[in-house]
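Undergrad: Straight out of Swiss-Prot:
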type     : residues                     : note
BINDING  : H122, E279                   : Zn(2+) binding site
BINDING  : T511, R516, S687, T688, D729 : L-glutamate binding site
COMPBIAS : 1254-1265                    : compositional bias 'Polar residues'
DISULFID : C81-C316                     : disulfide bond
DISULFID : C426-C453                    : disulfide bond
DISULFID : C433-C454                    : disulfide bond
DISULFID : C743-C798                    : disulfide bond
INTRAMEM : 601-620                      : intramembrane segment
SIGNAL   : 1-24                         : signal peptide
TOPO_DOM : 25-554                       : topological domain 'Extracellular'
TOPO_DOM : 644-819                      : topological domain 'Extracellular'
TRANSMEM : 555-573                      : transmembrane segment
TRANSMEM : 628-643                      : transmembrane segment
TRANSMEM : 820-839                      : transmembrane segment
Amino acid sequence: MRPTEACCYLKISLIILFYMGCYAQKHPNMDIAVILVGTTEEVAIKDVHEKDDFHHLPVTPRVALVTMNESDPKSIITRICDLMSDKKVQGVVFGDDTDQEAIAQILDFISVQTLTPILGIHGGSSMIMADKEEASMFFQFGPSIEQQASVMLNIMEEYDWYIFSIVTTYFPGYQDFENKVRSTIENSFVGWELEEVIHLDMSLDDIDSKIQNQLKKLQSPVILLYCTKEEATYIFEVAHSVGLTGYGFTWIVPSLVAGDTDTVPDEFPTGLISVSYDEWDYDLPARVRDGIAIITTAASTMLSEHNSIPQSKSSCNNIQESRVYEAHMLKRYLINVTFEGRNLSFSEDGYQMHPKLVIILLNQERKWERVGKYKDRSLKMKYYVWPVFDLYPNSEEHKDEHLSIVTLEEAPFVIVEDVDPLSGTCMRNTVPCRKQIRPENRTEEGGNYIKRCCKGFCIDILKKIAKTVKFTYDLYLVTNGKHGKKINGTWNGMIGEVVTKRAYMAVGSLTINEERSEVVDFSVPFIETGISVMVSRSNGTVSPSAFLEPFSADVWVMMFVMLLIVSAVAVFVFEYFSPVGYNRCLADGREPGGPSFTIGKAIWLLWGLVFNNSVPVQNPKGTTSKIMVSVWAFFAVIFLASYTANLAAFMIQEEYVDQVSGLSDKKFQRPNDFSPAFRFGTVPNGSTERNIRNNYLEMHSYMVKFNQRSVQDALLSLKSGKLDAFIYDAAVLNYMAGRDEGCKLVTIGSGKVFATTGYGIAIQKDSGWKRQVDLAILQLFGDGEMEELEALWLTGICHNEKNEVMSSQLDIDNMAGVFYMLAAAMALSLITFIMEHLFFWQLRHCFMGVCSGKPGMVFSISRGIYSCIHGVAIEDRQSALDSPSATMNNTHSNILRLLRTAKNMANLSGVNGSPQSALDFIRRESSVYDISEHRRSFTHSDCKSFQPEENLFSDYISEVERTFGNLQLKDSNVYQDHFHHHRPHSIGSNSSIDGLYDCDNAPFTTQPRSLSKKPLDIGLPSKHPSPQIGDLYGKFSFKSDHYGAPDDLIRSDVSDISTHTVTYGNIEGNAKRRKQYKDSLKKRPASAKSRREFDEIELAYRRRQRSPDHKRYFRDKEGLRDFYLDQFRTKENNPHWEHVDLTHIYAERADDFKHDTSCSNRQHQKHVGEFVQTDRKHGSGGNAWEKNMSNIEWEDRASSNFCRNCPSKMHNYTGQNTNRPACIRCEVCKKAGNLYDISEDNSLQDLEARPIQAPNSKYPQSPNGKAQKRNRSKLHRQHSYDTFVDLQKEDVTLAPRSVSLKDKERFLDGSPYAHMFEMPNETSFTSKSHGPTHNPGGYMLSRSLYPDRVTQNPFIPTFGDDQCLLHGSKPYYFRQPAIGGLKGRADFRGAGKSLSAQHSGPSGHFQKDICIGNQPNACVSNNKNPRSFNNSTNGHVYEKLSSIESDV
């Protein structure tokens, strides 16, 4: 016996003696048999325990040591039964040195039969046994099938072997093994791939060929095998024949296959991995001791709880019921055992819950080597990279297919993370990488390492290169240093790993430089980098002058120069010299006292525009100045927008950033010159430090004390203010700046790079991998995959913002464009200024058709547009337009002529700056005319110049177009139209008509009211202050049945081009049309409404019922007298007939007028223009004021009827009707009834030359009298457009009169409108004449659109319009008691008589017609007959219908 064996045997003897000594004590004893099967040498290798190991337990174990050499089932059963009979054994600890799993089956059978706990601690007794009996009390020191399958999968997961196959025989437990593997991979997050599952039947004949055929299906690199050791020997032999046991294939087997580690079959391949029970750290004496402790501890627990322990078994037969109960109770305690702090519990199947397992590897020496340990569900392997090349002696030829690659953690190129806590492995987008830990007391069995997961920009590149080049790899992290630095001739870091050939490649943020290229090969750079500088933002302050900083001083000065000197002066000059500007109107006297446009106003206007201030400004009127202001407004938009956009960068609290130009900057080269000193550093042992050391030695020596251990430490130092700048690789710094929280870290110059280089892959020198790797990298660039990776990994959230606040002032170069625009606008304005004057003074009249005598281009275009819109046919032949066939029923022809007339009115000379002064055409009318209506005086109709407008008759034309569709072509629908002056601008405006004495008075800013068709009593200022003339307007009773006259029927051939909205019907009874009228007033110009607003008050006052003993006087009598004296005073260059001295009327009117009753019945009317013309014809000696007519003569005149269009007497008139029919016309007028007959003047002149015999009056209230001949002036008819030019060339002595009372300077001499306001030259007043009932000349209306007289003007409004609209103003009359002759009279006839008497002059004779104001029928009739309304009026006032001639 060898000494060692004797020593082990002595130890076991001492243990037995110890337990026997415990038996002698009073504690209850537990008999336990320890059976060891094997040779003497094996049995002798045992250990001895301390005597006091179980001293603390209440049950004392009594151990019996039994050794035997036979391992057959019969010998084992016989030996155990003998021990039970002899020793009363209560428990068995069994160990053997065989690989026979049959021993475990025999022991399981004995435990079921004897209900004795048996523990298999070694050899065959501890091997896997499937399908134990239900009542079995056999426990094994070993892992179960499921536990071993889990460890095998953990090994594969550790080395990322996810593709595998399963090969099993039909040995019991194979289904459990297969099911465990399947359930694990199905419930795992790891991407397992189970390719094949093969079941081999070892009992078949010709098994070799069948196994070969099945094994040939295997293609996976990892194969899991479950079988017995004998079956495995045969399977490996067949697998070797088919090439499945060499390089590239890894077999993993359970402990059942490995068996006894001391015996290794030759068929087992090298590199075989097995899961085995730990025999290195858990030897047989320790197992024996733990076996005894488990049984003793369970019995002690049972004793403490139940005060009993299982009784010993006397034999293997006759099992008592009490024994069964006690056995089951003991098994429950055996499952849960803890001894000396170690968990020795078992599962229900009898396997240890926490077995001590190891992973063993069959190395090249054909010995089992422990390469890993599995404890507490944690696997630790010896090799962080599987030593595949060390296992196969002929594997040099396969080294190119599996590579070991080293890397270095540095985001974003390599990012290291922990494994997934749920699965314990890496996710799919990561790659397993291992970091080795080298402890000081490292054992021979190998070092420790930590499994991590790597991802990042370089890892993705590595995966794509490996897929392209087709190689596998194991990745690990470098431990000795960083990128690599040569220290004392030895390289460390990743370069050192490649140089020492521990790694084939180095992948990461490895900079290519010359020194490294001498020892390793670099691939082409996959990213460009260099040296960059990172700084931290620091808060700043806002400057007090920040609001001026958006523009430089030059821009501010230039803007004010352009504003004050250039633009404002230019606008002022253009406006001053503009023909339609403010100052030109002042210079021409067209707007005395009106506004002026000064240079101060120009500056204020431009200042308000450039700063967008809502201030009251005065806009220019000239076209050139408007263009200049418009361009300035565009300049202001650009200027203000640029200022506002750039202001935000200066008004915010700016963040200060240190600016450096490069490594040569003085902040780096002379950092101590600054206060405080500039602090900067880098990470040592890198290419950045090497570059600085080689090129800037002083800089390197200064920065050493500020160097940082890592990039993360440097970032913290920057944020905390310990470091002012950090110098490092540009790619890394750009990534860190983009991912920085708060974006406080920035790289200077938005990532400016110095000493540009790149990152590459380091490869072993002359290994042959460089070309393949270069081609793979270039392919990534070509496919665009490299750009995708850069966008994925190298872009941060802060990259979307500006890294620095780089605000700069806008200089002249930035704003030059807008100043160029102003200069171009100045040049364009000069050209426009010249063209404006050229057109205004030279070309304007030609465009309007004055030069050619034909319709101008503007009119032609307007007519064409109107024709296209309204479908009106245009007559091409001029004769067709002017022929008599174009009668009143020809609507289209009349429309065309109306448009031509409107065009002619718009093109009148004297409008819009005509060189002919308007003062030359002021018409002086009678004083009676001016007395009746101050505000309608021709001489003083406006105190301020008329402001020309673009379309003078726009309101008239729009009124015609608006009312055309509602006109009826029936003579029964007759009316008399009203003429309104052109609308003034606004009440109180600079262009409004001022009063006779005060231009600011409201009545003189309004339009006159028509007084036609109603006899009015005229109140003149009395010579004596006590008596007063009654209210002229208040004498009317508008609803009286006696309101009428022979001329009462309204003529239907007169046109209305007024500013009134024309309707017809009862105002009160027709609410709908009244509402339409009100709505139209809302759309009227403000000027058209304002006149009516004032007239409504005045007319309401005048319509108020008055007593007959009241009369009116004008307030300023003396001023009125002086006005008329000056009006009729002869002036230079004016004919005598325009100045008639009427002062004798006022001087002699008192008593003669008052007591003369011969004129009380005067009813005929005489226009002022008639006796003025008569006065010119007969001279001063035959003044019309001195002639009188008797009552008989007046009655004779009244008994005759006259043509409605001319002064011809109708001899066949019966005189039965009180109202003269509107259809009565003489033969000559019927012949000349063509509206546009150009020869009608000749026929009318002949007609005027014939004497007229008035028949006896048939009026019921008028006495018969003789007719008196009347001296008549020549009748001037207005002409159609065709003769317009010819008439202009004639020397017409009569001064023209504008259609609008306000626009006096519209017409030149010879204009077709020269006779518009001229009354027929009737016979002057005679001393014996009585008021005739009718004056045919006073109410003549022309069918021409260019009438001869005011009563023939189709555009003059009638009094009926004012009846409906009731406009007025406050009265300007005094009331005083009427003269005695008017007492008791409520109507206006008495007032008319008194008024006539006062006007009769010294001789007591009166004029036939007393004319009042500028009214369409301006003569007051003294007709006694009551005037009645139309039979259909029912006493109501009717609004008129608009018309364009009677046939429209």
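Using N, Cα and C of the backbone, Cβ positions are placed for all residues, glycine too.
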Undergrad: Which has the fewest other CB atoms in a 10 Å radius around its CB: H122, R516, the listed binding-site residues?
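TA: Least crowded of the binding-site residues H122, R516, by Cβ count within 10 Å, is R516.
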Undergrad: In the predicted model, what is the mean pLDDT computed over the topological domain 'Extracellular' (644-819)?
TA: 81
Undergrad: Take the transmembrane segment (820-839) and find every residue of the same chain, 6 or more past its ends, with a Cβ under 8 Å from one of its Cβ atoms.
TA: 562, 566-567, 570, 574, 577-579, 622-625, 627-628, 631-632, 634-635
Undergrad: To which of the disulfide-bonded residues C454, C743 does the lowest count of other Cβ atoms within 10 Å belong?
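TA: Each of the disulfide-bonded residues C454, C743 was scored; lowest Cβ tally within 10 Å is C743.
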Undergrad: Within the same chain, where does the transmembrane segment (628-643) have neighbours whose Cβ lies under 8 angstroms from its own Cβ atoms, ignoring anything closer than 6 residues to its ends? I mean 6 or more beyond.
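TA: For the transmembrane segment (628-643), the nonlocal Cβ contacts are 550-551, 559, 562, 567, 570-571, 574, 605-606, 609-612, 619-620, 810, 814-815, 818, 821-822, 825-826, 828-829.
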Undergrad: Which of C81, C316, C426 (the disulfide-bonded residues) has the most other Cβ atoms within 10 Å?
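TA: That would be C426, with the most Cβ atoms nearby.
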Undergrad: To the nearest whole angstrom, state the Cα distance for the pair H122 (Zn(2+) binding site) and D729 (L-glutamate binding site).
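TA: With distance taken Cα to Cα, D729 (L-glutamate binding site) is 61 Å from H122 (Zn(2+) binding site).
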Undergrad: List, in sequence order, the residues of the same chain other than T511, R516, S687, T688, D729 whose Cβ lies within 8 Å of the centroid of the Cβ atoms of the recorded L-glutamate site.
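TA: For the L-glutamate site, the extra neighbours are H483, L510, I512, N513, T529, G686, R690, N691, T757.
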Undergrad: Taking only the Cα atoms, work out how far R516 (L-glutamate binding site) lies from C433 (disulfide bond), in Å, as a whole number.
TA: 25
Undergrad: From the Cα of C743 (disulfide bond) across to the Cα of C426 (disulfide bond), what is the distance in angstrom?
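TA: So the Cα of C743 (disulfide bond) lies 31 Å away from that of C426 (disulfide bond).
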Undergrad: Could you check the disulfide-bonded residues C433, C453, C798 and say which one's CB has the most other CB atoms within 10 Å?
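TA: Output for this query is C433.
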Undergrad: For the intramembrane segment (601-620), find every same-chain residue at least 6 residues outside the stretch whose CB is under 8 Å from a CB in it, and list them.
TA: 559, 563-564, 567-569, 571-572, 574-575, 578, 581-582, 595, 626, 629, 632-633, 635-636, 639-640
Undergrad: Going by C-alpha positions, which of the recorded positions (E279, C316, C453) is nearest S687 (L-glutamate binding site)?
TA: C453
Undergrad: Could you check which of the binding-site residues E279, T511, T688 is the closest Cα neighbour of C453 (disulfide bond)?
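TA: Smallest Cα separation from C453 (disulfide bond) among E279, T511, T688: T511.
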Undergrad: Out of T511, S687, T688, which of the binding-site residues has the smallest number of neighbouring Cβ atoms within 10 Å?
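TA: Looking at the binding-site residues T511, S687, T688, the Cβ with the fewest others within 10 Å is that of T688.
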Undergrad: Taking the Cβ of E279 (Zn(2+) binding site) as the centre, how many other Cβ atoms fall within a 10 Å radius?
TA: 18
Undergrad: Which chain-mates of D729 (L-glutamate binding site) that are at least 6 residues away have a CB under 8 A from its CB, listed by sequence?
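TA: Set apart from D729 (L-glutamate binding site) by at least 6 residues yet with Cβ under 8 Å, we have S509, T511, T529, G530, I531, S532, G686, S687, T688.
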